[in-house]
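Colleague: Here's a structure for you.
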Amino acid sequence: MNPNQKIITIGSVSLGLVVLNILLHIVSITITVLVLPGNGNNGSCNETVIREYNETVRIEKITQWHNTNVIEYIERPESDHFMNNTEPLCDAKGFAPFSKDNGIRIGSRGHVFVIREPFVSCSPTECRTFFITQGSLLNDKHSNGTVKDRSPYRTLMSVEIGQSPNVYQARFEAVAWSATRCHDGKKWMTIGVTGPDAKAVAVVHYGGIPTDVIQSWAGDILRTQESSCTCIQGECYWVMTDGPANRQAQYRAFKAKQGKIIGQTEISFNGGHIEECSCYPNEGKVECVCRDNWTGTNRPVLVISPDLSYRVGYLCAGLPSDTPRGEDSQFTGSCTSPMGNQGYGVKGFGFRQGIDVWMGRTISRTSRSGFEILRVRNGWVQNSKEQIKRQVVVDNLNWSGYSGSFTLPVELTKRNCLVPCFWVEMIRGKPEEKTIWTSSSSIVMCGVDHEIADWSWHDGAILPFDIDKM
């Protein structure tokens, strides 16, 4: 075969293969378009399916066309009913770890906000960690001076529980240097306090939209809980303080529905001091354990009914739970009066368990270090010193800080009671450490039917950071 014949033969074979390939494609398209729709199985075309991922429902609209899936993520629909939250608290034998964000450790090399006052609150479908940023990042020059409580740069933001407060996953909630937030079953409600000390304003947000305001009525640093507010059958409750931190101030309880204030009441508490209440629902009422920043080392207790009537006093237990405080052996306790004669204080919490009480406190009597939770027999109603359970969460070699309460709703747990949970803030930096900044991370614990061993889930960041050495 001469060269020309070889070229013709190769060309003919190649042309034949091309024609065969085209014919196969035509047959494939014909079968796909004409034959497959006739088999009566159209279920996969333009189909909306619901899939579950880690307790979060994600709705996907899947459109199939020539073996190609086009997936469109659809916003989660709002619930059409309010949460009840009239169930009793579950009885807890111990508290198991729920989450830990490790924000400061991650922030040494990651884009993590400088924060304080973290807290947790839950909707029917998720729990989120909320925190008040300083408008700056860890290990950055703008973190200098963030020991200051109030500034125009502070904002309330949130992440899914367990995530660090990082810039990539955080969601803006409100401009605020004091805040509270809770979910009524349909939407989130937020109260964010901001502005000058003498004329601060609390802005109520519902579903992300400003819906109402509260003006400072005493002109002395209007402030709120720094933890979850409480919603019962669609009505949400929270407590605010206006006035001095070291003597008699003014206190009010508020009630809102779908972001509009529908009631408020002045809390008469002469000789007592209420700040930074940690509240939770229990048997149709709101129970709060607060901070006395004036004299008491026992904690104020406020129980609010749906009609805004209330009972106010002090945690009866014969053990103090504020910091600083004196020796347990020298403390007698009182259900009605401040005891201990120690100024200052720290945000804390307690849970009623029948007539017992779980009460959290720092291990140190003089500084915000270590953290333990004690169950005191009859401590809700009597000056009892009888500890029937004790659990260490942060050892006394490590810093702690604020602590507060929240509950897991029955929509999340499928139980017939509300699971009691708490968080512990672990403050790092100024004023205790040689840094230019102050920030915190947190550990979150929830009640379980088992005793849990003592351990220390402390912050663990190695300080100082690079910015502190410049």
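Note: Cβ is positioned from N, Cα and C throughout, glycine not excepted.
Here's the feature list from Swiss-Prot:
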type	residues	note
ACT_SITE	D149	active site, proton donor/acceptor
ACT_SITE	Y402	active site, nucleophile
BINDING	R116, R150, E275, E276, R291, R368	substrate binding site
CARBOHYD	N42	N-linked glycosylation site
CARBOHYD	N46	N-linked glycosylation site
CARBOHYD	N54	N-linked glycosylation site
CARBOHYD	N84	N-linked glycosylation site
CARBOHYD	N144	N-linked glycosylation site
CARBOHYD	N293	N-linked glycosylation site
CARBOHYD	N398	N-linked glycosylation site
REGION	11-32	region 'Involved in apical transport and lipid raft association'
TOPO_DOM	36-470	topological domain 'Virion surface'
TRANSMEM	15-35	transmembrane segment
Colleague: Out of N84, N144, D149, the recorded positions in the record, which is closest to R116 (substrate binding site) when you go by Cα distance?
Modeller: D149
Colleague: In the predicted model, what is the mean pLDDT computed over the topological domain 'Virion surface' (36-470)?
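Modeller: That stretch averages a pLDDT of 92.
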Colleague: If you count other Cβ atoms within 10 Å of each one's Cβ, which of the binding-site residues R116, R150, R291 has the most?
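Modeller: Per the Cβ count within 10 Å, the most buried is R291.
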Colleague: Of the binding-site residues R150, R291, R368, which one sits closest to N144 (N-linked glycosylation site) when you measure Cα to Cα?
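Modeller: It is R150, whose Cα lies nearest.
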Colleague: Return the maximum Cα to Cα distance in Å (whole number) over the record's substrate-binding residues: R116, R150, E275, E276, R291, R368.
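Modeller: It comes out at 21 Å between the most distant Cα atoms.
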Colleague: Could you count the residues of the region 'Involved in apical transport and lipid raft association' (11-32) that DSSP puts in helix, in strand and in coil?
Modeller: 22 helix, 0 strand, 0 coil
Colleague: Could you tell me which three-state DSSP class R291 (substrate binding site) falls into?
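Modeller: Where R291 (substrate binding site) sits, the three-state DSSP reduction gives strand.
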Colleague: Determine the most Cβ-crowded residue among the glycosylation sites N84, N144, N293, N398, using a 10 Å radius around each Cβ and all protein chains in the structure.
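Modeller: Comparing the glycosylation sites N84, N144, N293, N398, the most crowded Cβ belongs to N293.
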Colleague: Give the helix, strand or coil assignment DSSP yields for D149 (active site, proton donor/acceptor).
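Modeller: Once the DSSP labels are grouped into three classes, D149 (active site, proton donor/acceptor) ends up as coil.
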Colleague: To the nearest Å, how far is the Cα of Y402 (active site, nucleophile) from the Cα of E276 (substrate binding site)?
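Modeller: So the Cα of E276 (substrate binding site) lies 10 Å away from that of Y402 (active site, nucleophile).
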Colleague: If we check Cα distances from R150 (substrate binding site), which of the glycosylation sites N84, N293, N398 wins as closest?
Modeller: N293
Colleague: In sequence order, which residues at least six apart in the same chain have a CB under 8 Å from the CB of the residue listed as 'active site, proton donor/acceptor'?
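Modeller: When sequence neighbours closer than 6 are ignored, the residue listed as 'active site, proton donor/acceptor' has R116, W177 within Cβ distance under 8 Å.
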Colleague: Output, ordered by sequence, the same-chain residues six or more apart from E275 (substrate binding site) with a CB under 8 Å from its CB, or 'none'.
Modeller: R223, T241, A245, A249, C290, R291, D292, N293, G345, K347
